[in-house]
């Protein structure tokens with residue numbers, strides 16, 4: 001994750017802003033600079049290489065002292081920064097909006113995936129600039145639309161029916177902020193269209209998840225798509241979702257947290273997010289993740305959750 005101010009800076013033209021991507025040498029200069037505390041939140045002028053991000057965001061970049069940041073000296077950083085600028089320059093951002101826009105925290109990996117989709121000549125985003133910009137605006141929180149299959153970050157498609165597409169995320173192969181844990185495995189499920197879904201499509205998805213992905217929990221981050229994650233990473237996702245929800249509420253970026261379909265979401269996660277929306281503390285909410293829930297009546301007749309050991313999927317072992 002990183003703020004948009006880590007990728008570009010605003011330049012006032014008439015009564016709105018144009019956004020310009022940073023270059024890696026300007027960032028490198030900023031990372032070595034001694035800057036007064038009162039200037040930490042201001043864009044840094046490298047004199048030689050142009051404007052650089054505010055020094056307060058130093059930890060967002062990979063250095064000898066910090067291996068958890070972005071690999072900003074890669075060509076992928078330039079591609080992501082340019083893509084963000086193209087999207088922001090396609091809309092009107094005024095003086096009253098600019099600080100709020102640049103402080104928005106976005107998923108670096110999501111944006112790298114959109115670059116990969118854009119570069120794939122078999123992908124619809126390669127052929128449609130309009131759809132590409134729409135996908136980026138959704139990714140950076142500048143659109144109220146949800147991420148559907150056409151505008152999704154992408155990955156490897158492992159399941160699809162008339163209503164849903166399930167993607168295996170490919171973060172292990174990334175350049176900008178790769179996941180280094182070789183055991184990482186995670187999926188995302190997007191809606192093919194933002195419209196009511198038939199019970200038969202939901203039943204098909206639930207059957208697939210229970211049969212092939214019974215070692216995973218189905219959760220949501222509240223943005224209109226599902227995530228399929230290992231049970232061991234549930235607590236980590238809960239911390240992130242809770243922190244983001246509280247930060248958005250504090251900064252006034254209040255967007256409705258979409259709980260999605262209770263028949264698909266893991267029961268404990270649904271309880272956690274419902275409790276969070278009611279204003280409870282993190283500790284109170286997280287207890288619900290590890291509490292034995294009363295088994296709800298199966299909404300789909302004939303779809304059993306019981307499996308013999310030799311029938312259980314080995315995905316995720």
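Each residue, glycine too, has its Cβ placed from N, Cα and C.
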If Swiss-Prot gives 107, 108, 109, 221, 222, 223, 227 as binding ATP, which of 79, 144, 188, 195 does it give for that site as well?
188
Binding-site residues 107, 108, 109: which have a Cα within 10 Å of residue 225 (active site, for NTPase and RTPase activities)?
none
Enter the number of other CB atoms within 10 angstroms of the CB of residue 107 (ATP binding site).
15
Of these recorded positions, 221, 223, 225, which scores lowest on Cβ atoms within 10 Å?
223
Under DSSP, the region 'RNA-binding' (205-241) has how many residues in helix, strand and coil?
19 helix, 10 strand, 8 coil
Provide the number of Cβ atoms within 10 Å of the Cβ of residue 227 (ATP binding site), excluding the reference atom itself.
21
